[in-house]
Every structure is written in C-alpha cells, then in structure tokens.
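Asks: Before we start, here is the structure in question, set down as structure tokens.
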Amino acid sequence: RRDQSHENTHVYSGHLSLLVSLSPKEANQFLSRHRRANQVFEETKQGHLERECVEERCSKEEAREVFENDPETDYFWPKYIACVDRFGDSEKKKQDLITCVHNIPDQCSPSPCNPRGTVRCEDKKGDFLCHCFTGWTGARCETDVDECETRNGGCDHECNNTMGSYRCSCRHGYTLSGRHLCNDVDECDDPSVCGTAQCLNTKGSFECLCEPGFVYDNETESCLDVDECQSSVCADECLNVPGSFRCFCDGREGMKLSQDLRSCKFSYSRPRNPQSLYLGRMFSGVPVVRLRFRRTSKTGFSAEFDFRTYDSEGVIFFAGGHLNSSWIVLAMHDGKLELQLKYGAVSRVTSSGAVVNDGQWRKISVEEQGRSLVIKIDREAVMKIAVNGDLFTLKKGLGLHELNLTVGGVPFKEDGLVNKVNPRLDGCMKDWRWLTGEDASIQQTIQSNENMQCFSADDPGAFFNGTGFAFFNRSFSDSLPLSVHMSLRATSGIGVLFALIHQDRVPLSVSLADYHPGTDEWRDFVLVTSGDAVVASSPSPLCDGEGHVIEVTVSANQTLLLIDGQPGRSGDGVVPVDVLSQSSTFIGGIPDVPLVSTLVSASYSGCMEVSVNGRELDLDQATHKHNDIRSHSCPLLDSYQ
C-alpha cells in the first residue's frame, strides 16, 4: 500500500523507484515503525503475500515481513519490481500480476534444473536444490555421469556411456546376460555352421577343423586336400595322396629315405679291396683288361696267377694275335679248365684236371715250353699240348714280336671260338705275372675303379652290390599261381628283390624296406606291393648276417607271403594278375620308372638266388645285368678285404 504522507516516494514510468531521505531521528522512527491495523492477521499469516504485495503495493521492508528472512527477500524484491513494471495497475492485467507475484517466491518455478537429469526441484530460502536422477550430477543436474570410468561400469567387455546412463555390450561371439555379463555363444549348436568339417567352439568364436592334410574352404564349407608337393616338402620326388603325401628317393643312385620321411641319404656301401681283379664285371663279355706286349726277339709265352670261382663257364684270358692267327683261350667249362687253341689252320680244344669252381684259390700257370703248351694247377701239370707255331707274331714293318692279351673275355665275337662258351666269368684273380713280370698298369686301373676289385672270401650265389638290376625278358604268369622263391643273405635292410614291370607300372614287387607307409612304422619289413599299395608284409629283420628264405605266391584272389616258413599279414592292395603275363622280370632292382609307381626303388645289396615256379634264374642268362652284379659269387658279410 502507499502512504500518501511519504513525500519522497516517486513513481517513474516503466519501473518503481523508492527514494528515501531520512534524518537520524526519522530513521530511528522508521525502524520502530507503527504496526498496521491488520497487524495480528498479517503476523499470523506471516505477511500474506497477496494482501501485502498484490492487493497493495509493498515496500522491501514489508516484503521482508512476509518472508521473515533476507535471502528470500533479496530474491523476491527485484522480481517483484519487474512484475509491477510489466503489469502495473491495470485491472485487465491484475490476474497476470497476481500470478507473476505468486510465482516469485517459488525458486523452482520455473525450474532451474535440467529436466532430463532432475527428479524434482526443491525450493529453498533464496535458493533451490535439484534432486538428480542416477547418472546425472551438478547443481542443476546438468552433467552426465560417465559410469564407464569406474571399473568399466561393471561390464565384462565393453562399456558404452549414454546420457544419464550406460550400456554394456559384448564382443563378437558373446551374448549379453543381464546388464553386465557376457556369455560365450556356442556356434557349433548350428550343425551346418562348418558344413562337412568338424566344429570346435572356442571362447568368442569357433573353428572348422579338418583332418591332417586337409584345409577348410569357406566357400564350399568343406575340407579340401592340401597338395603338399607344391611346397617342395620332399628332397627328391613327391606323390600327393588324399590327406597326405609320400616322398621317394632314387635308390638307383644309392639313396634311401631318411627317418623324417622327406630327406634322402646315402645307403651303406661296402668297402673294396684293390689287391685282386674281378673278371666278370663286363656283362657284355668284352675283356676287363687289354694288354699288348712287344719284344725285339722271339719270346715264349708264360702266365701265372691265383684264381678263384664258383662259375662253371667263362673265359679266363686270351693270348695271341688276331682271330685268324695263332692264339689260345683258357676258359672254364663244366667246372674244369679248358684250353682252346688255334695255330694257323689247326684248332683244338682240351679239358682236363679236377673241378676248380669250388671257390678255392688255386695257382694256375700256362707256359710255352718248346713246341708244347703246359697248363698247371697248383704247380702240377694237368695238360700238355703239342703246338706248331708261336703265339708272338712278328711285325715285319716294325721288326718286333707282338702279343695281345685280354683278361675276362676275347677280342672278337664269341662265335669265333673253337668251342662256343659263354664268355662271362664270375671269377677272381690275384698275384698275376704275365711273361714273368707283373704289369703295373693293371694294378693302377684296379685301384682307380673299386668295381673291378674282389672280396676276400666268397660263397656260392649271386651278389647284388646295391647298384642296378638283372633283367629277363620273360614273364611267368601264364599259369597261376605264380610262385617266387628267394634265398638271401642281406647286407642292407632296403632294396628291391624281385619285380614284374609293365611299361611304367610295377604290378608286383617284393622288397626289403625300413618303413611301412600303411602302419607308419619304422622297422625292417618285407613288403609285397602292387604300385604304391601294400599287398602283404611282414616285420622281418633280415639284415642279420644269416640266410633267410622268402616265398611269395600270387593267385587270382590272394597273395601269400612266407618268411622262413612264417606267414606274413595281408594288406589292402591287390595284384592285377591280368597284366603279369605282359610284364618283364627284374631281379635286384628296377629300371627308370617313375619313383611314385612303387614304394621301394633302391637296388638290393646282398646275396640272393631266385627261382620262379621252380626254375632257377641264372644271371649269366639274363637279357641284361648290371656290371656290378656278380652272378655266382657272394662275399661273406664279414669279408671286406
């Protein structure tokens, strides 16, 4: 209300300004002002706001009587002046003035709090208090709380802050359980997730597994074979098979597969002795040694040497001129010494003495004595043959007497002999003296070529030195069953014993091996195979210095293997008997066929005699035989002289 006696109160357009100028006495009177007529009612109502400041205009002092405290009064007063300035005394705007004034004391109207983060606004005396939702903070609940900063919000994996809250999420392969936990998803519950492969659930993921040698293909959802041979896993040749691979080493070059099944190593080789000469090295029958002697005067022929053989037939040496001149041939025939001679038009064959193909060393000598040839065994004459001529031939242009000497063969075709003889002789010679003196050139030749050297002690039988093979251009399957009998004494645990080959296929092979691919075992085996499939096998350590017998019988529906009378075990392979009749026979090794066409390609090392369907295979009768294979002599295992 206004007191008209207050002269110092002025009303200005647009706002209310109270100017008070009081003397000290007046000020004291003001502070101890008189109470108004409705004093009791107003005090009871704590200065009812509408009566004090709406129905009438109030001063700041009167406003304080309403609020009874300074903070609310200080908050109310400027806003009250603004309401009066805005709505004035107009009756039309009186209701607006009432509303405006009533809202001034409530500091939560309008609410100063952030509506998104506030539960409620609490009015205080000259102040307010914003009560925040969980996730909000600040005086006005205006600041979002980042729950992820504290212990990752309690989330197992990822915490994502949001306005006023947060959200837990899981990595790929997990699912949210409740608000915080992440549980692994078992993708393998879906039977089609890996197609034909095996599904393995892992934490947060899964794997499609294949058997070794296969790789999973995402497009086809299947396991595809890995071609390991493309990555050069083998030292020599490689054969890819489903889920795996096989390495092959060229046994024809003396190589064998190492324990790692990938690399190749040299097979064991036997030492040689350079003190003797092996006569049967040249399968073609050509001589192993050729010498020519020239003398200025007429000289008689003489030869002396130590000789040993188990062979019953073959040429020891030839001495003389050319085919149509005078010459002699000392040979073996039916186990005895035989002398063939030709002096001009006179030809003669003489055989006498004891059997000498018993493997014992004997000293043999042949000497021209006047007009006779004397042959001695162990210094005892067994033949004395009258001759009419000289073995040395006079070369008139040179004025020299000349004689040709060949050892282990003749210098012409064998049909030029007086008595046809197979010139191949498996025999050994040492301590030779030609024309009363040793020829040093022969010894030098032997020292440079170990294949010309003999072993110190032999037994009967064929010896395979781990090089090459013997080949017979014949088949043995005209009538089944096919029976192969092998007596052997091995010096190496790996090598081909017997094989039938048709073109580049190996339909039947009997071999020694140190690894069984079917059982993945490293030990000594006898394998009967067809191609790369095992038909029959037996774990047999035959490389023990003892003699053993292997028998293989092939019929239309089965293949039997016996080792020293004990049966082996059958495999999954089958011998294609229909191609056996078209196959050639190989002993001790195989020719240059693809290594992947059979499991063992190494040549056999050791002694062996082979019979097929009861018929012994004489290596001297072979179509071809490697020069290092000895047809009738087998060295003792402990003999390396």
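Heads up, the Cβ atoms here are built off N, Cα and C, so glycines get one too.
Pasting the relevant annotations from TrEMBL:
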{"type": "DISULFID", "residues": "Cys113-Cys130", "note": "disulfide bond"}
{"type": "DISULFID", "residues": "Cys132-Cys141", "note": "disulfide bond"}
{"type": "DISULFID", "residues": "Cys607-Cys634", "note": "disulfide bond"}
{"type": "DOMAIN", "residues": "36-82", "note": "domain 'Gla'"}
{"type": "DOMAIN", "residues": "104-142", "note": "domain 'EGF-like'"}
{"type": "DOMAIN", "residues": "144-183", "note": "domain 'EGF-like'"}
{"type": "DOMAIN", "residues": "184-220", "note": "domain 'EGF-like'"}
{"type": "DOMAIN", "residues": "280-454", "note": "domain 'Laminin G'"}
{"type": "DOMAIN", "residues": "459-634", "note": "domain 'Laminin G'"}
Asks: Among the disulfide-bonded residues listed here, Cys113, Cys132, Cys141, Cys607, Cys634, whose Cβ has the fewest other Cβ atoms inside 10 Å?
Replies: Cys132
Asks: Can you name the far-off residues of the same chain, 6+ from the ends of the domain 'EGF-like' (184-220), with a Cβ under 8 Å from a Cβ of it?
Replies: 171-175, 226, 228, 242-245
Asks: Looking at the disulfide-bonded residues Cys113, Cys607, Cys634, which ones sit with their CA no more than 10 Å from the CA of Cys132 (disulfide bond)?
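Replies: Cα filter at 10 Å returns Cys113.
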Asks: Within the same chain, where does the domain 'EGF-like' (144-183) have neighbours whose Cβ lies under 8 angstroms from its own Cβ atoms, ignoring anything closer than 6 residues to its ends? I mean 6 or more beyond.
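Replies: For the domain 'EGF-like' (144-183), the nonlocal Cβ contacts are 116-117, 133-137, 203-206.
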Asks: Relative to the Cβ of Cys130 (disulfide bond), which residues of the same chain, six or more apart in sequence, are found under 8 Å away?
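Replies: Counting only residues 6 or more apart in sequence, the Cβ neighbours of Cys130 (disulfide bond) under 8 Å are Ser111, Pro112, Cys113, Asn114, Gly117, Thr118, Cys121, Glu122, Gly138, Ala139, Arg140, Cys141.
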Asks: Is the domain 'EGF-like' (104-142) packed against any residues at least 6 beyond its ends, judged by a Cβ distance under 8 Å, and which are they?
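Replies: Residues 49, 67, 69-72, 74-76, 79-80, 83, 163-166.
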Asks: If H, G and I count as helix, E and B as strand, and all else as coil, what does DSSP give for Cys132 (disulfide bond)?
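Replies: Its secondary structure by DSSP: strand.
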